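Asks: Per TrEMBL, the feature domain 'MARVEL' maps to 1-194. Sequence annotations record features per position, and here TrEMBL assigns transmembrane segment to 73-95, 107-128, 172-190. According to TrEMBL, the feature region 'Disordered' maps to 199-260. Residues or ranges marked as compositional bias 'Polar residues' in TrEMBL: 209-223, 232-260.
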Amino acid sequence: LFAIFAFATCGGYSGGLRLSVDCANKSESDLNIDIAFAYPFRLYQVNFDAPTCEGKRREKLSLIGDFSSSAEFFVTIAVFAFLYSLAATVVYIFFQNKYRENNRGPLIDFIVTVVFSFLWLVGSSAWAKGLSDVKIATDPDEVLLLMSACKQQSNKCLPVRSPVMSSLNTSVVFGFLNFILWAGNIWFVFKETGWHSSGQRHPPDTMEKQSSSYNQGGYNQDSYGPAGGYNQPGSYSQVGEYGQSQSYGQSGPTSFANQI
């Protein structure tokens, strides 16, 4: 939306000014000299006729300056930023799995966001300077100086209407707002790349691996306890041939009863 407002307020501009030249001979005067100009502000191509106050002869003049480069550069950035934002929105919604696959999508998104942030700053600054020059070149007082009739004190030259530049001022404001928006979004896209979280996940993962290795390779003290196969070390019980129980220790049989 910010990109749309930026290129619409600049690329769709058309304005004009009106001058009046009141000659000493009233029949030679022209009180409504309209001069119209528009984007891309190639003012040297804007021609208009003005009276010379020397009979019926008129002179053909043109405005001064060519400010199309900064204006077109600004509008181009805005259009491409709008198209990329639209495409990114579709990817975010419908192709989220493809976007996160191999971390390639966030990486590309991060690089493009940095590039657009830089372009918005450069383009807005250039267009702000270009707009300042456009205002000077279309100032009615400056345009009157181009007329030969206005150099004679007997003639009266006055500005009737000045061009309205409010939409162009708005375009510059939206240009810098877009820069702030894209530059602030760098942080959020950076977090999507995984570079931010990877530095915080290594210490916990290392501790988990160490604890798991101790659990797998350690010994349990209850594995060989009293529940083992021998009740006491060095002794065991044996059942005799006729069912009598005999107990033997380390030094031989301790008792022998009921022998037949």
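For all residues, glycine too, the Cβ spot is worked out from N, Cα and C.
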Asks: Take the transmembrane segment (73-95) and find every residue of the same chain, 6 or more past its ends, with a Cβ under 8 Å from one of its Cβ atoms.
Replies: 3-4, 6-7, 10-11, 39, 105, 109, 112, 116, 119-120, 123-124, 126-127, 130, 171, 175, 178, 182
Asks: Check the domain 'MARVEL' (1-194) for me and report the mean pLDDT.
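Replies: Mean pLDDT, the domain 'MARVEL' (1-194): 91.
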